[in-house]
Amino acid sequence: MSLSDSATSNRRRNPKRKAAAPPQSHALPDNLLEEALKPLTPDDIEDWDGWIELESEPAFFNIILRDLGIKDVKVQELFTLDQESLDILPKPVYGLIFLFQYAPSLDDDQGETESGPVWFANQTTSNACATVALLNIVMNHADIDLGSELKAFKAATAEMSTAVRGYKLGSNRFIRKTHNSFARRMDCLNADLFLENEAFDAKPRKRASASRSTSRKKKPKKRNSSDYGYHFIAYVPSGGYVWELDGLRGKPRKLGSLDCNCWTTVARPQIKARMLQYEESQLSFNLLSLCQSPIRKYRKSVLSAVTAVHFLDTQMKIQHGDAYTTLILNNGMQLNIHDTTLLANYNIKLDDITGEPVPSLLASRVSEGNLNASDAASLRYELVIEARAAMGEYRGEASAAMEDEERVTARKKDYGSALHKWISKLAEKDILEDIIKLSS
């Protein structure tokens, strides 16, 4: 045996591992509290890898959908689960989202099916369930304009498993940044602390001494139900069936066939059953709907009404001239359809009016040629009333969108630093203690 052979035979079969490099330490700032209270910058939000816990607020979801690039979809809250409330929702109803406090003890794995004709992503990231539920709905409707980013994401993940698709969703920078656009610094710190505690609790503990190991075994600590977060489940029609899409389940759950246009009649009993299942441990639930935004319909109504007025004015001025003009000026219901500023309020241009088909009933009545100036002015009065009613509906929806924007702006404001400085000044002037005594 050669020296090299001898050395090889005596070599350790399991070579001693090299010592792991010490973890990299990060210098903490002296003013740690002030740093923790500093408002987040857009770069801070984009660079953070976590996800904040999101409140179940329709305004927040509407802004998220808009910022993701999704067009003409509106989230609104339902306060009852009766079928009448579901029936009066704007059509089409794309999906429902049910919010409740998650309790693994009440969960079951029955009824899971193969993926089938439905787009589904698992939730693989903490706090992402709200956005996962939204995407599990909108991705299943070909008539929804997803925008360029989500179209590319859907195409790139089409052939992936639901778990890998969920991982890709959780690590997608654009989707995560949009979800976190409401974040305050304390939200991020709390999310990081929660994950750190979860990781710490999951680490195996070192075995105790032999004497302790033979002692009576302790029962595992029961987790308080309030420790569990809130969870979102989506309900959506797709491929001829109605589905329950729970990101924490391995597969979608098929609830039934879509035998009629009113798919909510299939989803409603399942949601009601969940509420009954959890009613002893929870005081409230939350139900949201995703519908086509009615603002598109209202714009169409305004455009159709204004087009009718324009057509009538054009034809009657040819037939009756100044007599018609004088009558409409004196009837007290004015509408200047050539006012571009007015039309812009409803996202309408003059070219839109000339390109819009004239209502057939009006065209037929005018073509008969038996409308005198007085009757034509009365007809115009009715058409203007219709136009103003449509404008009112449009303004109401636009106003609701502005209120959503205001709620989001208020949510994004971080007053932590200002409040801290204010309290600190009160303490420095020995006023804070007196205030506490007076309030106690």
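Cβ atoms are placed via backbone N, Cα and C, with glycine included.
What TrEMBL records for this protein:
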REGION    1-29  region 'Disordered'
COMPBIAS  10-19  compositional bias 'Basic residues'
DOMAIN    50-292  domain 'UCH catalytic'
ACT_SITE  C129  active site, nucleophile
COMPBIAS  205-223  compositional bias 'Basic residues'
REGION    205-224  region 'Disordered'
ACT_SITE  H231  active site, proton donor
SITE      D246  site 'Important for enzyme activity'
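Between the CA atoms of D246 (site 'Important for enzyme activity') and the residue listed as 'active site, proton donor' there is a gap of 9 Å.
DSSP gives D246 (site 'Important for enzyme activity') a coil state; it is part of no helix or strand. On the 0 to 100 pLDDT scale, the domain 'UCH catalytic' (50-292) averages 84 in this prediction. Under 8 Å, Cβ to Cβ, and six or more positions away along its own chain, the residue listed as 'active site, nucleophile' finds Q123, H231, F232, G247, L248. The Cβ of H231 (active site, proton donor) has 19 other Cβ atoms within 10 Å, all protein chains considered.
Cβ neighbours within 10 Å of D246 (site 'Important for enzyme activity'), excluding its own Cβ and spanning all shown chains: 26.
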